[in-house]
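After the structure tokens below, expect a handful of questions from me.
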Amino acid sequence: MSKQSRRYSSMSQSTHSLTEGAKPNKKEMQNRFHEAAKNGNIEELARMIGLGVNVDSTVEDKSTALHFAAYENQIETIRYLIDMNASVNAKNERGLTPLHIAASEGNDLAVCVLIESGANPNTRDTQNVFF
């Protein structure tokens, strides 16, 4: 089975488990939360926040859902996460903030939204670089 097929199968099983009332583990919920942010699925984000997922939960590299939304230029998702009190200055393990991510991807509108929401444009990453 390909990696993509395994991932889809795993996500399908997770979705089925949630609809059947099973309580997913914390890591599974965080991964699904970040995937929803990446895909701009605000309805799923709201549902998961309602189930208790922390809006600033992180994946292995310490990226938050806001990092994922900034990478994919999901403007409405960025706004929603900020409205839900996501930290606009959260750093992943490389010291990158959602603003760094948006800037490095050339996502100008995301950059503007993040700065207007209080993101610090002078924050440096672990290499002492800022964008």
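A Cβ is built for glycine as well, from the same backbone N, Cα and C atoms used for every other residue.
TrEMBL lists these features:
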type	residues	note
COMPBIAS	7-18	compositional bias 'Polar residues'
REGION	1-30	region 'Disordered'
REPEAT	61-93	repeat 'ANK'
REPEAT	94-126	repeat 'ANK'
Please work out the helix, strand and coil residue numbers for the repeat 'ANK' (61-93) from the DSSP assignment.
16 helix, 0 strand, 17 coil
Can you break down the repeat 'ANK' (94-126) into helix, strand and coil residue counts using DSSP?
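Going through the repeat 'ANK' (94-126) residue by residue, I get 16 helix, 0 strand, 17 coil.
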